[in-house]
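Novice: Submitted below is the structure of interest, expressed as structure tokens.
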Amino acid sequence: MLQLLLAVFIGGGTGSVARWLLSMRFNPLHQAIPLGTLAANLIGAFIIGMGFAWFSRMTNIDPVWKVLITTGFCGGLTTFSTFSAEVVFLLQEGRFGWALLNVFVNLLGSFAMTALAFWLFSASTTH
């Protein structure tokens, strides 16, 4: 149990730092769409799709790696709370179109990235 807790802790910290670095680098590039948050959510969605595909096929992987990558890293990297706050900020500024676009791009993009990764990595592990 302690190993699993440490895996979540280490993965979560690493994912959070990665999200912060993405936000610092890419959020200033566009005034209405926080590109760093979007990148974090899309990358995290892809990684979790890849992880679930691999873990469903490769049942001998240590559970520590599973929670480190999915619950830990992807949980720290992706962010629904920051995304929600950024949408509310856009709404408060009266930028309703940008807020709606932000919602659609984050949600649909994340679903698409998870599905793509799951499909790609399920196909690659069937050999």
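Just so it is clear, glycine is given a Cβ too, placed from its N, Cα and C backbone atoms.
Got these off Swiss-Prot a minute ago, pasting:
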| type | residues | note |
| --- | --- | --- |
| TRANSMEM | 4-24 | transmembrane segment |
| TRANSMEM | 35-55 | transmembrane segment |
| TRANSMEM | 71-91 | transmembrane segment |
| BINDING | Gly75, Thr78 | Na(+) binding site |
| TRANSMEM | 103-123 | transmembrane segment |
Novice: Hey, what's the Cβ neighbour count for Gly75 (Na(+) binding site) at 10 Å?
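Specialist: Taking all protein chains shown, Gly75 (Na(+) binding site) has 18 Cβ neighbours within 10 Å.
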Novice: Where among 35-55, 71-91, 103-123 do we find the most Cβ pairs under 8 Å to the transmembrane segment (4-24)?
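Specialist: Highest pair count goes to 71-91.
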